[in-house]
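These features come from TrEMBL:
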TRANSMEM  6-39  transmembrane segment
TRANSMEM  46-67  transmembrane segment
TRANSMEM  87-106  transmembrane segment
TRANSMEM  113-132  transmembrane segment
TRANSMEM  144-169  transmembrane segment
TRANSMEM  181-199  transmembrane segment
TRANSMEM  205-224  transmembrane segment
TRANSMEM  236-257  transmembrane segment
Amino acid sequence: MSDLAIYQYLLIALIFVWSGFVRSGLGFGGAVLSLPFLLLVLDQPLVFLPIIAVHLLVFSSLTIWMNNRRGSGEQRQAGTGTVDWQYLWRILGIMIVPKLIGVFGLITMPSDILSAIIFVIVALYSVSYIVNRPFRSGSKTVDAIFLMVGGYISGTSLIGAPLIIAVAAQHLPKEKLRDTLFALWFILVLIKMAAFVWAGVDLQLIHHLWLLPCAAVGHVIGLYAHDRILRAETPVFFRLLGTVLLLVSSIGIVSVLW
């Protein structure tokens, strides 16, 4: 990424501001909502994935720490926080094996077919949220399948969030959804980063010097946006969540058909 034109660097910087914004505002989307745009600038995903991964590790851990540090005395005495650890470990237990399969490429599936399945499912979920009739599977088996597929996709390309969100949003209060997802992403991305290092992938460390501040600007803006979202009525929150998921799935479907 050292021989790009000035306008390409500017576009990449703006996209990372956007990445930081959606990550802190919604708790997901730092990769899936930015990678399609980044690949339009430079079609080399292995250049951007390590950068996105490091940003997630930094900002997710920082956000969780700050939110729990400034919690009220009543919260601390009750032993509560912004992360639902019990639910986190439960879904992680379902996802970890598919995650490792995806990381090490033990099972391969045509990427177009896999992407199409994911984005169609996400589109159906998103429409149900937008019309204020969130889908409830009523089946632990269906939830487990979505979590396993999401874990596998996360292992291959870090964009398994939509399927995981579709399940987690049904079971977590909106006040804990973002930070619980942050904790989950931290664990999943840490595994992926270890795989990058093991495989000798260039982590693009020099480019963190200018892209980390860009993501930080978006992160701060996203924190304010998240506070406004939490103060909104629950239907508004799910409608916004559905709109973002529909945007994600639409971009994905177009990219598959392109």
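Using the three backbone atoms N, Cα and C, a Cβ is placed for every residue, glycine included.
Count of Cβ pairs under 8 Å against the transmembrane segment (46-67): among 87-106, 113-132, 144-169, 181-199, the largest is for 181-199. At the 8 Å Cβ cutoff, the transmembrane segment (113-132) and the transmembrane segment (144-169) share at least 3 close pairs (sequence separation 6 or more) and count as touching.
Here the transmembrane segment (181-199) does not lie next to the transmembrane segment (236-257) in space: the count of CB pairs under 8 Å, restricted to residues six or more apart, is fewer than 3. Within the chain carrying the transmembrane segment (87-106), a Cβ under 8 angstroms from the stretch's Cβ atoms is held by residues 144, 147-156, 164, 167-168, 171-172, 180, 183-184, 187-188, 191-192, 195, all 6 or more beyond its ends.
Long-range contacts of the transmembrane segment (205-224) within the same chain, counting only residues at least 6 positions beyond its ends with a Cβ under 8 Å from a Cβ of the stretch, are 1, 12-14, 16-26, 51, 54-55, 58-59, 63.
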